[in-house]
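See structure below.
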Amino acid sequence: MINSVDKLWTWSNTELLGVLFAQNGSKLLDDQSFRVGAAAFKQFRSRPGDCRTNITAFPTCKLDYTMEQHEEGDFSPAWRPLPDRDVNSTRCRQDCANDTAWTFTKGKSLPYFGQVKSYMDGAYMFEIGNDPEEAVFIMEHMQEHDWLDGFTEAVVVEINAYNANADLFAVMTLMVEFVVGRGFTPTRNIHVFKLSSYVGTSGQLMIGFQASLDHIIYITFVVLFALSLFREGKKMFHQKRMYFCQPWNCLEFLRLLICVVAIVFFSVKEGLRSSYVSQLKTREGGFLSFRIMAAFSDVFSSILAFLVFVMTLQFLQLLSFNRSIGVLFHTLRKASDKIAAFLAMFSVVFIAFSTTGGLLFGSEANSYMTLLTSARTLLVIMFGDTSFKDMSANHVIIGRIYFVSFVILGVMILSNMFLGILDEQFSTSKNDPSGPGGDSDMGEFMVNKALLFVGIGTRSVRPRAPECEESRGDGEMTEHVQELEEKLDLVLKKINSL
């Protein structure tokens, strides 16, 4: 466990370098993964304040690190001021020594998010290199010149790896935050993404047929997307505001919107891929941050997942031909007001429990660190996966009261209330003759036609009435006609008399 600066340097010189240079003269991290470029250390520093103290250990105070307020100046080794520096500028002059470990490097990537704070990508950075002896010398040099001191807010170690068997890249970010009063807080993030799709035999075939296959897929997608866009645009033009009153129309509009966003992100992702490949060739073993590419890959995958979710919801429209599903849709539509009122009440209770859990257990348990993680933990508890030890570690009595209260109120009472609303309306919908509509009859008709097509079903024929019943029906019809003629004659006579 890293709980001091000395242990951080010890971990860097032993375990970190042992993994980065596991095999001398090779970039293998293990038996399958390669290290891409050199690993890099980044330090985020806070500015010194104007105050002076009488405490020997803390002769000067420092300002709190924020996105807008942090150290951006250049220094000599051991964080000494530069001997020849313009007073009105914090940038180093051209004749100063160029040492990136003591020179602020402006960031071109995304911010870093720790458990305590968020940090800009701009930092004081140095690369470990690709030679193990050089890496050991660099680490010893930084430790001797106190690269980590009292103004250090966080340190990040960023490593890029590539697995040729799976054709996957990985960006590993190891962060240690120097928190006043709480020691050292570690954070690790691993992002896996694919940079190229052409690997192995299938990849060679894809390269061979890339031109024709890409054109066919592109043209097919453009045609189908244009037809869907034209159809929905025509419906919106005729229906105007009434178009969004139908839930299925809203889903179709959302699907088209997500498709447009996915096309834009795919285009940007391909442009970034080409740029990173060219930069990787020119760096020749230097450090290159893939965090933007990893972030775009994660966002693009999330967009595709959401698109599949919306299309799955659209598939439910076909299930409405089933009578049971039709009754379910009718139940939800009729109980929408009650469900909305219930969700409002449930949201208030759930947010209250999430906030309370974060305030009580957030400082000790990672599952209650933020409001979102606390809400996710409570949802998991509602589904039956309890994590009572996170609550009872340092709060034995309060943790039990909190857990029992949430189980009784959130799981038992509110869940049964929601089921009661659905059960009441479901019984009403089943007995309502105008409930599900005619979709279920259409579904039975489609099933019967499909069975007849494959030769399994039988054609339904209306039973013929017996001949005696037909003759009796004809006789009754004749009597009614004669009676009607007599009444008409009587009416005509009265009119003539008038």
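FYI, residue positions are counted from 1 along the chain as it appears here.
Backbone N, Cα and C define each Cβ position, glycine as well.
Annotated domain 'Polycystin' per TrEMBL: 2-195, in sequence order.
The domain 'Polycystin cation channel PKD1/PKD2' annotation in TrEMBL covers 216-428.
According to TrEMBL, the feature transmembrane segment maps to 205-230 (among others).
TrEMBL lists 250-268 (among others) with the feature transmembrane segment. Under 8 Å from some Cβ of the transmembrane segment (250-268) lie the Cβ atoms of residues 225, 228-229, 232, 236, 243-244, 296, 299-300, 303-304, 306-307, 310-311, 313-314, all in the same chain and six or more residues away from its ends.
Per TrEMBL, the feature transmembrane segment maps to 288-319 (among others). Taking Cβ pairs closer than 8 Å, the transmembrane segment (288-319) reaches residues 36-37, 40, 108-110, 158, 160, 169, 171, 173, 191-195, 248, 251-252, 254-255, 258-259, 261-262, 265-266, 268-269, 272-273, 276, 279-280, 325 in its own chain, all 6 or more past its ends.
Annotated transmembrane segment per TrEMBL: 339-362 (among others), in sequence order. Beyond the ends of the transmembrane segment (339-362), by six or more residues, the same chain brings 332, 368-371, 373-375, 377-378, 390-391, 395, 398-399, 402, 405-406, 409-410, 414, 417-418, 421 to within a C-beta distance below 8 angstroms of the stretch.
Residues annotated as transmembrane segment in TrEMBL: 400-422 (among others).
Summarising model confidence by region, the domain 'Polycystin cation channel PKD1/PKD2' (216-428) averages a pLDDT of 83.
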